[in-house]
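See below for the structure under consideration.
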Amino acid sequence: MLRATTIAGLTFAATTAGAETLTIYAYDSFVPDYGPGPAVAEVFEEQCGCEVEYVAAGDGAALLSRVRLEGARSGADIVLGLDSNLVAQARETGLFAPHGVDAEFDLPVTWDDDTFLPFDWGYFAFVGNEGTEAPSSLQELADSDLQIAIQDPRSSTPGLGLVLWVEQAYGEEAGALWSDLADNVLTVTPGWSEAYGLFLDGEVDAVLSYTTSPAYHSIAEEDDSKVAWAFDEGHYVQIEVAAVLESSDQPELAREFMAFIASDGFQSVIPTTNWMYPVIEPEGGLPDGFEALAQPESALLYPPEEAQAVREAAIDTWRGALAQ
Amino acid sequence: MSLTRPGLWAAGLLLLLTLGTVGAVAWRAEWSGAFGPADWAAIRFTLLQALASAALSVLLAVPVARALSRRRFLGRSVLVTLLGAPFILPVVVAVMGLLAVFGRRGLVSDGLALIGLPPLDIYGYEGVVLAHVFFNLPLATRMLLQGWLSIPSERFRLAASLGAPVGRLLEWPMIRSVAPGAFLVIFLICLSSFAVALILGGGPRATTVELAIYQAVRFDFDLERAALLALVQFAICAAVAAVAFAVTVPDGLGSGLDRTVKRWDGSRWADAFWIALAALFLLLPLGVIVAGGIAGLPDLPGSLFAASVRSVCVALASTVIALVLSLALALRKGPVSSLAGVLPLAASPLVVGTGLLIVIYPLASPASAALAITALVNALMAVPFAVRIVTPAVRQAEASYGRLADAMGLTGWARLRIVLLPRLRRPLGFAGGIAAALSMGDLGVIALFAGPGEETLPLAMYRLMGAFRTDAAAGAGLVLFALSLTLFWAFDRGGRVDADA
């Protein structure tokens, strides 16, 4: 006990000792070497002369839950990786402070929120292998024998995005679609990484990800065999946001980082590390390979307050259909 | 100071940690609604999978234990010893081994593909039950094997000379007395399953109550539902435990007696089949873990060393706490300490951890206390096992030397040091080994609250699995497996040194 306490104390002391440390809670796939985290940190550390420390705290909703549990005692200065569907819920906690950044965003919708700053965006899509017969709609997928992995909407922002996608596209019929889809769902994972890993391991035919995911395989691995399926219903949009915590002990540094998010230093790293669209087009334009990506004909998205209003009922529908 | 006084303190502490923490969670909750259909589905799934896991484990254990009891072959004692391995095998590691054998891309599916059959699907109900049988078949086998070995060989000889039916006269009564206890213990262990359900289940179709608690806290921040589910878990476990302790529960953790009766009956081939099947089922995943792990060692990230040190420290701290609490409880007779000793079996480690965080919130930031809380919760979870190992030894030492010690006026600390502790080294070492291995492999509370630089080894491994770095995860699994075994061995061995009484 004593030893564990001492060690906990030591690590705690180590993280606060330098004083100029910016602690960012981010989702699991942002933090590791293959994610955008290290590259972003390197550029910013040079600019601020400080240290950036990431805490991988699970996907979107888990991030929010974590700062709610920690409340004003949270060690985080910034939370990075909520999305527009969680913004209203996050705002209600009163834990977040205005970011003070003024920027024009290239988004499929207008975004002017003084607290939650978008850092990238994308269209949700199922990603499968070339050669697998691609369904052309959610309904066709549900009627097929294809096995898919999806994420839990209670923990993961893609999972929540899919539930809202189905809700917006099918309305009253959403429950019926989920019942049809239930036998296609091999498993529901807590986060994006686990589901994508199952797909890469060949455990499933397709995985819920983004239209931009095939770019990773074609650019980073020169592998053109992964394709995003285009669906007739249109594709739900994800706008990922970051926010400063009111309780931050580094408010200056945190706001500096928020301004950095809207700068080229951050935005130019995003496409080929997070494999999403930047919210402000980088100076050099989008990387080669992005132009070949599927462009959905129509974009679906609930504004934050509406997403909050339908979220709970939509998740209950999902849970009810899949618990059968 | 009386030696029974600490028992009261320990019992009080355990009561606070188990029921008190539920109270703390309930106190922070915003009470609004009640259970939805998915919560009932979780309760139903929990009961069904525990029922199936316990029934399958015991049913399969019968032919395996009978075969082991009446056959002698090379490697038999090694196999009996290995039957104890899954109990101290970290759950995340075992599940990885099972996936490598039974997953859609596992060995069995590859074999099926050769003869044109579709791959296996072990996500969900089937996978959870499969993993539970993997963990508990050895436990059931050892319990039944001891039952068989406790039948005096003279009776078998008598039956042989009279031509009497051995199965009906000797074996069936033994099975009837041992099997219900084994069934109930396994049922109880499977009820509060978390890591297995987290990795193999997780979807609404395969959520246990403990996993639903995790989701309620981690995803929805719904403390009300977490507290309610924890109470449901208490109620189910209390009901089962009441039955279990009414039906005598044999001690399944003791080492197997390595003695066979010379038998004339039964088919040699059938016995060989059952032994081979059980050995293959248990050893194949272990083999895959070792083979895959060695291949993955070069891919290990550097941060893994720190995580290993952290895990070992947590395990050691947790062992010390578990041993002190268990010894205190063992020294005190009576219903209060025996109740306190089994209470943690019914508690939800996640609720205990969350409750502790809520209680210490005014004093320290949750992230800085995550490791200390993990050590405490792990200790708590090891107490029921440790108490069951240490208590009989205390009773025996008191029976043998109690009157002499009384006559010499030895009481309190001196009595403990001079009379009891030297006689408790073996059970304390064994209990310590179990506590250390359980803590080392635990993926529970830390999955909720790990702060910066607080990743334990099982969490690091789970994250590597999640980040599809399969090779590195396999390497981490091997390190974790090796450290768990080493800790167990060191404690168990330490208890035996110079103790050849």
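A Cβ is built for glycine as well, from the same backbone N, Cα and C atoms used for every other residue.
Per TrEMBL, the features are as follows:
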DOMAIN    B:43-491  domain 'ABC transmembrane type-1'
TRANSMEM  B:40-65  transmembrane segment
TRANSMEM  B:77-102  transmembrane segment
TRANSMEM  B:122-145  transmembrane segment
TRANSMEM  B:178-200  transmembrane segment
TRANSMEM  B:226-249  transmembrane segment
TRANSMEM  B:270-295  transmembrane segment
TRANSMEM  B:307-330  transmembrane segment
TRANSMEM  B:342-361  transmembrane segment
TRANSMEM  B:367-387  transmembrane segment
TRANSMEM  B:428-452  transmembrane segment
TRANSMEM  B:472-491  transmembrane segment
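In this chain, the transmembrane segment (B:40-65) does not touch the transmembrane segment (B:428-452); fewer than three CB pairs sit within less than 8 A of each other, excluding pairs fewer than 6 residues apart.
The highest tally of CB pairs under 8 A with the transmembrane segment (B:40-65), across B:77-102, B:122-145, B:270-295, B:307-330, B:367-387, is held by B:122-145. Put simply, of B:77-102, B:122-145, B:178-200, B:270-295, B:307-330, the stretch with the most CB pairs closer than 8 A to the transmembrane segment (B:342-361) is B:178-200. Counting same-chain residues at least six beyond the ends of the transmembrane segment (B:77-102), those with a Cβ under 8 angstroms from any Cβ of the stretch are 68, 108-109, 120, 122, 127, 130-131, 134-136, 138-139, 141-142, 145, 195-196, 199-200, 253, 255-256, 258, 275, 279, 282-286, 288-289, 292, 433-434, 437-438, 440-443, 458, 461-462, 465, 473-474, 477-478, 480-481, 484-485, 488.
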